[in-house]
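These features come from Swiss-Prot:
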type     : residues                                       : note
BINDING  : L107, P108, T109, G110, L111, G112, K113, T114 : ATP binding site
MOTIF    : 209-212                                        : motif 'DEAH box'
DOMAIN   : 468-641                                        : domain 'Helicase C-terminal'
REGION   : 493-534                                        : region 'Disordered'
COMPBIAS : 499-511                                        : compositional bias 'Basic residues'
COMPBIAS : 684-705                                        : compositional bias 'Basic residues'
REGION   : 684-708                                        : region 'Disordered'
REGION   : 758-824                                        : region 'Disordered'
COMPBIAS : 788-799                                        : compositional bias 'Low complexity'
REGION   : 850-880                                        : region 'Disordered'
REGION   : 918-953                                        : region 'Disordered'
COMPBIAS : 927-943                                        : compositional bias 'Polar residues'
COMPBIAS : 944-953                                        : compositional bias 'Acidic residues'
Amino acid sequence: MNSDDDSVFNDDLNDSEITNLIHNIPSSSSSCSSSKNKLQRNLYGEIIPEQYVEIDSSKGYTELPPTHHALNYENLSSYIYPTNFEVRDYQFNIVQRAFYDNLLVALPTGLGKTFIASTVMLNFTRWFPRGKIIFMAPTKPLVAQQIKACCGITGIPTSEVAILLDKSRRNRADIWDSKTVFFTTPQVVENDLTAGIIDPKEVVLLVIDEAHKSKGNYAYNNVVKFITRFNISFRILALTATPASDVEGVQEIIDNLSISKVEVRTEQSIDITKYMKQKKIERVTVSPSVEICELVDMLCTAIQPVLSMANERRIYDMSDPSKINAFQVIDASQRLLKNPTIPEGLKWQNYFILQILNVVGQALRRLNIYGIKSFYNYFDQKHKEFTIKFKNKKSNNQTAARFYFHDNIKLILDKCKELIADDNFLGHPKLEILINELDEFFKENEANDSRVIIFTEFRESALDIVSSIERIGSNLRPHIFIGQSKEKEKFDEEAYLSKGKKGRTKGKATKGKQNSETPERSTSRTSSEDAQIKGMNQKLQKDLIKKFKKGEYNILVATSIGEEGLDIGEVDLIVCYDSTSSPIKNIQRMGRTGRKRDGKVLLLFAGNEESKFDKAMAGYEFIQQHIMNGRLITLAQSNRIIPKSYKPIVEKKFIEIPEENTEIKAEEDEDEIIRIATSYMNNKGKKVTKSKSKSKSNSKSKKIEKRFFMPDNVTTGFQNVTSMVRKADSDKSVADKRREKDLLDKLLDSDTEDELLIQSKKSPVKENQSKRPNSEHICEEDSRQETENNSNESNGSFENENDQNKESGVSYPLSYRQTPPKLGIRRLSPQVSMNINLDAPVATEEAAPLVTGKSTSPPENVAEKRNSPILNSSNRECAPKQKTLGLKRRKANSITDQLKRHYSRVIKPNTAYRTITVSDDEKSVEDSINNQQLHKNKNLGSTSDDDDAFDEGDVFDDGMDDELALIANDKLSSFERSLSPNLPAQNNASDEVYKHEFSPGEGVLNQEQMLELYTSYFSLLDPADRVDFYDPLNFNQKPNTSINHRGRIGHSQVSRRLLQSSKFIGSVSTTTAKNIVKRYAQTYNTTNHQHNMHIVQEITNSSSK
């Protein structure tokens, strides 16, 4: 063993250290802090060099090399921070962090989230001149606001800005290729990514507005997932005022957007309090009126039997009818339907019971929070729908019938009709307090041209508020502000009864009648009433906001449409007519005031609204604090895209806004902002008139070709095998092509075996030829050499060679002298000349006798060329390529043919072969040629097909030929020798068979082994787990009272009878008991089981007596 082998076993670790390493146990000398400095060793115990650095598993990712984006290194040394506005500390800090992390920014409304995004976008345009910067907003109005803010704050040139809001634009690919900054919606980006119009590798910055929408399958998530598949070297900046109402929601946003850092500020944060305007929050708790209490009592009395039935069936737990909650009932219904253990009939009975409770829960909520009018509009529709269906036998729900036909229900509806008929009646005390607050507010702020927004959840409630203010308020100009959807169709008794009687004709006529009456009704309705029925599209919403800003309306009664996403303007008073359990909605409502001047918020509470509001806000503040402290959430990891050697230094600078950007900044209309920016985009920074833009847009554009963003140099689409082979051939070198061409030529059936042999012997020449640049040069060189040979040698060279062959007794057929043209790839036509005087003529088979006459002269254009004293290469013709007939399948010879081939290798004295003393090369060539000629002649004389002929070198030599030769010579093969070891071995070598003898006691266990086996498989039982049986022959045995009877095993029939007998023995005297047992022992028979049973039966009978 050498010194290197010795060093393997000279490990400096002891056994305990090795054990700790195997089980990954830290040693006592090392601490947890030094775990990163562990030495890595290979299988031989050697320390691995230091280039193997341990990756910190806590990171969960590998840091990648610098970004693939093109960088402007001159600008990378600094970043610009605009001083056009007040420099705020929190904005300055957030901008710096956005350069290095995927950032989620949560700021209250009005604190400059857009300024942060604009500053980051400005610097990314300086650093990454070819990168794509995308600003996404969920709605078109928000996109217009961001265009105005970004172009007006940072002065990004409009020539580099693109606005993509129309999905049907034909020149989208040209816009994506020519621009760098894009303002669009996430749906447009998602469609263009999937269509292959955008190259995701070019995206360097993604700004997401209203990031709290990044949940579920929203387009924001799909865009980020798609880009991340091809590009991880880009930054994400997510902006929102309220990330989520719970920890799970915040974590979902972080996971979907790959957020690596969160920046959260609240109104109580130290660094933003000095920038916050004063916002006064006033709470008013309203008690229900007498009318509302009476209606609640009557409704509770009517629903009590249904509620009791639900409690008995344990499908709803609440027993107080006045506290029925519709949301809890819906949750119970869903759990009921998902329960597979309940029979279907019972399941649907319980479901219909819960549906009745759901209607009552919704009615109570409307009555307690919104008033009698909202309650009546909802409950009257439900009552009318069921009663008509039940009377027409469309419904057979007896439980619902007992509720809707209850006496109190009729009293409730009649009382509501009576109250609503009064024009001065206000459905809820909230309305009275609201109108008084509005009157006082406008009186105090009459000179300030103030605005008010009132938020409510239901459209009916919004219309009720507008109607009440218009009737009672003075100098109050309210209008409803709702979404685009139409009012839900109410139950129409006439349409329902006519349905199915006369088919669709009646329905169409009724619909046409309603449409004809619509213009007459619209003239009598107010603008708010008409909007409540038809809904408000974006055009109506925009017109209303304009009128609100101008002062035509000073009060907007809005649903959730006004909570976010619209630039409504400065509002001095926010009234929350109702409150929700969502803190996001509450914060967005209150954030509409106090932006540029002080504001006020009025919260109106009724019932349990105040407790829900406090609970929601307290939970939100708790979550915000933990997010700011970095707890309760798990952040993602992101790689740097700015090289580590660069750390940009701030350069505070006043940004000069270009003229075209000033025009966008001064515009208030959102559609006009988009039109101006689009015109600059289409004309590279030059604004044009509408007529020119229309004429230009009408020009036909090229069809967009879909791009597949695969790895570089990847061919897409379907391809046949031929095209793939051709492409592979085009990538090969000339030498590889020549080698492959020669290999294919060998496989062609049109080639003769002698040509293959000669070319195989001329491999050095082929290697030199493969180094030629192309085949044309080779042909030119060959022709030049042929010309030289023709000039140096005489014209009778072929005749001289034939004379020499005659003298030596060697002659070759015509195929060796001149190869006729064949189908297939161009081949060289070699010639062979044996310039050696042999002792005797070489023998051939009978089918091919020696040719002693003159051989046919070669063609005139063929010259002789000798490269060695044995072989003379032939002239090569550069003939044009011809199509081949393809490859022929070769068949392997049978065993008989292989035997014959094997015998042909052995040269015997009685054969036609004679030993010739020549050199090794000459002998190998000669033997090969003779064997091939013999084989060819044999095939010519036989009836077998030419396909049976194949080159000997192509046959795999598995040693069978030698075995068969031994068999033919009456000799034992090695296999037979192994089966017959007693026979005398040849060459004094015999195979030894492994012998093994077994001792007589082999496989029998001794006592020690038996004990070990027993103790391995059996263990002692705990005394508490033992089961003891009573022995009737042992009179000294006492019952074990400590035994736990939980594991008792049942007795057999004989044992049970013995135990019964033992009770009798214990009751008699000792002498009598001994006699009975003695009798049993004397008469016990080991073979007669029936006799023993008889004795036991006698003892038992005697004991019973």
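Keep in mind that glycine also has a Cβ here, set from the backbone N, Cα and C atoms.
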I'd like to know which of the binding-site residues P108, G110 has the most other Cβ atoms within 10 Å of its Cβ. P108
Neighbourhood of the ATP site (L107, P108, T109, G110, L111, G112, K113, T114): other residues with Cβ within 8 Å of the Cβ centroid, in order? A241
Quick one: DSSP breakdown of the motif 'DEAH box' (209-212) into helix, strand and coil? 2 helix, 0 strand, 2 coil
Distant-in-sequence Cβ neighbours of L107 (ATP binding site), under 8 Å, six or more positions away: Y90, K113, L239, A241, R265, I272
Mean per-residue pLDDT computed across the motif 'DEAH box' (209-212): 90
Across all the protein chains here, work out how many other Cβ atoms are within 10 Å of the Cβ of T109 (ATP binding site). 16
Cβ proximity for G112 (ATP binding site), under 8 A, sequence spacing 6+, ordered by residue number, returns F85, R88, Q91
